[in-house]
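Presented below is the structure to which this report refers.
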Amino acid sequence: MLIKKNALSILKIVFPIAVLLFVIYQSKKELTNLSFKRTLMVINGLERTDLFMLVLIGLLAVAAMSLYDYVLKYSLRLSITNGKVFRVSWIANSFNNVLGFGGLAGVGLRMMFYKEHTKDHKALVKGIAWLTSSMLLGLSVFSIFVAARVLPVDEVIHEKPWLWAVVIGFALILPLSLAVSKIKDRKAGDEENADKVKNPIFAYIGASVVEWLMAGTVIYFALFAMGIHADIRYVFGVFVIAAIGGMISLVPGGFGSFDLLFLLGMEQLGYHQEAIVTSIVLYRLAYSFIPFILGLFFAAGDLTENTMKRLETNPRIAPAIETTNVLLVVQRAVLVRILQGSLSLIVFVAGLIVLASVSLPIDRLTVIPHIPRPALLLFNGLSLSSALILLILPIELYKRTKRSYTMAITALVGGFVFSFLKGLNISAIFVLPMIIVLLVLLKKQFVREQASYTLGQLIFAVALFTVALFNYNLIAGFIWDRMKKVLRHEYFVHSTSHITHATIMAIIIVPLFFLIFTVVYHKRTKPIGEKADPERLAAFLNEKGGNALSHLGFLGDKRFYFSSDGNALLLFGKIARRLVVLGDPSGQRESFPLVLEEFLNEAHQKGFSVLFYQIEREDMALYHDFGYNFFKLGEEAYVDLNTFTLTGKKKAGLRAINNRFEREEYTFHVDHPPFSDAFLEELKQISDEWLGSKKEKGFSLGFFDPSYLQKAPIAYMKNAEGEIVAFANVMPMYQEGEISVDLMRYRGDAPNGIMDALFIRMFLWAKEEGCTSFNMGMAPLANVGTAFTSFWSERFAAVIFNNVRYMYSFSGLRAFKEKYKPEWRGKYLAYRKNRSLSVTMFLVTRLIGKSKKDSV
């Protein structure tokens, strides 16, 4: 059974690919003598009235497909407006015509939109599945006409009589569907509430017949526009054969398979190949591509960010359909990205239109002929700049930022005005205002203040700018070289120097444009959270509790973010467009999900990427739910004070150290705040001597700050002369029975083992104070990122992390703490899946090395 299922899945992948390869091979043979350039010239020479009528019929054909959705609405009694049904239908069907595998592209879209309008999702799944399968019923009706010779195809398939079996097979779909529907009606007749979903089979048959009739009309009119006045019965017969081939091929939209079969069929009837190919191109434009572009407009308007999140996180884009099909998974990914980026795609097309208008010859005599030539050249350079901005901007427009909206409107208006002033361009004059109006209507979708760019996105933007500018020079230069002898001077703006001037202007204007908007919106954006407030922090930690890193909030180099219920707190710093949260939330555990969700939402809205530094294993599942990956930074050493003792054979080394310092009359002291200035000054001298030429670190590491040291007790060792030789500040963990340590510093002439002696005495003191656990701080693992199976990103991140110049040797730290036989607990970095781990680690180490004023 499993082997059969795997074989079927493989066949579903291989079959469409094989069909595509066959179509490509066969098309190459058939179209060897065809000039695509000549085809475009023929289309360009057609009567505008014929083109308009063809596009209108194509739009009406796609609109007619909304009958399916209206049948679905009334059969399931969906509480949705007719206008919304029409838009959903247009999006689903136009995307189906381009991307659909036998109608599956529309299944997920319909499910996503309609599930909000019914409580019976099971009935909706069945209804959509019924709708999708009913799209074959109309083709089955026409197949019956073919089999009955009402639509003659004998001349087309006389060389391949086996095709009759395929036609008859499709003809049988209608009676079989009617039979199955009748059986279901009988079974449902005995069930309670059986009339809830009425049998819409005949309504679907009518809708399907209208769909295929309209589609056939489009291609018939395309042939008519090319001067092929064929018998409509023969055209529809060939159309039905080609449509069956397109459906069987499973190729998205039937591209290639339908087109090739229709071409071969019409050639069998004696019509000229070039005219047929041009007709097929016109058919695709009118029935597929133009409705698809209009579908993008509808999608951009109807698909809000929340809707897209539901689609993207939906584990099954096509419920009740086998989701293990790799083709469906790939199609789902493509469909989601196209829908989410529909507006970006439209703006990108606008950029291409403006770029084309800049590259092509300009007829100066048609619009504003009295503009001075220097001004005309200025407008040309500004048009090029607008085009390049519109090509780059979709990267940020995809993120729906307010800045991208303003920039897009500015660039579109600029592109329209400058294109108009420098010369007549039909596409720019008619298309750009439509896109501007669309953007204005969708203004409410742009809710984010800013958006952070990944390194890859920045590189892509620069590469796109460079390639577009290069292509402008290439195309415009080619046109100038080929056409300068043909066009009169007054009709032409371009020359080699004009192209160079426009390029230089764009190189200056485009970066300046982005810089200005970045600065303006950066100043408008209010910072997240609030500045460090020691009094509020102390009150919060004493009431709600904290963790091993909460006390570092008193350093003043981090901002605070409180949950809306006031029961949870995050400490964080900022580096570039990253917000680095130190440790897990402090406060009541029940409010951790709330504070994380609120913080991440606000950071997302203001364009920041968030990472969490030194989180514990206990809450990793919570971060994973928010889409985070993890990298193990190291481990914290916890000494169990209940079992800590200096007695026994295994503790002989520690006992010897303690006894030596007692013999040498070293004394241990713990003082509580407030501390005198003289005491802190003495500690400052020790700290400066210990630092030497090194710079203080911060964020996750304490630094010598009098106000910070006044917040907790300080333990120190004095020699026989009464001089302080080493000290460490006690760091409360705001958890019952737990205590930690932060700064650990000693004089340069302190004897060996002084820090061991200090720790031993601190353990004994903490035990007397009723503490049960002593946190000695974090030490990295020597093998993090060095295993053979580690990813390269982890290896590189480990190199960065382990070689930053901290106060202590990391390998020495671990060896120092290991002698106390602690329990090691993992510490992790939580970072976004779409962010570079190496870059993230580099930014974290930079943040740790920043000064206090630069971190908040």
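Glycine is no exception: its Cβ is also placed from the backbone N, Cα and C atoms.
What Swiss-Prot annotates here:
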TRANSMEM  7-27  transmembrane segment
TRANSMEM  51-71  transmembrane segment
TRANSMEM  88-108  transmembrane segment
TRANSMEM  128-148  transmembrane segment
TRANSMEM  161-181  transmembrane segment
TRANSMEM  208-228  transmembrane segment
TRANSMEM  280-300  transmembrane segment
TRANSMEM  342-362  transmembrane segment
TRANSMEM  375-395  transmembrane segment
TRANSMEM  420-440  transmembrane segment
TRANSMEM  459-479  transmembrane segment
TRANSMEM  501-521  transmembrane segment
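Each of 51-71, 342-362, 459-479 was scored by its Cβ pairs under 8 Å to the transmembrane segment (501-521), and the highest score goes to 459-479. Pairs of Cβ atoms less than 8 Å apart link the transmembrane segment (208-228) most often to 51-71, out of 51-71, 128-148, 161-181, 280-300.
Same-chain residues lying 6 or more positions outside the transmembrane segment (128-148) and placing a CB less than 8 Å from one of its CB atoms are 68-69, 71-72, 103-104, 106-107, 110-111, 114, 164, 167-168, 170-174, 177, 200-201, 204-205, 207-213, 216, 236-237, 240-241, 243-244, 247, 320-321. Two recorded stretches are said to be in contact when at least 3 C-beta pairs lie under 8 angstroms, sequence spacing 6 or more; the transmembrane segment (459-479) and the transmembrane segment (280-300) fall short of this definition.
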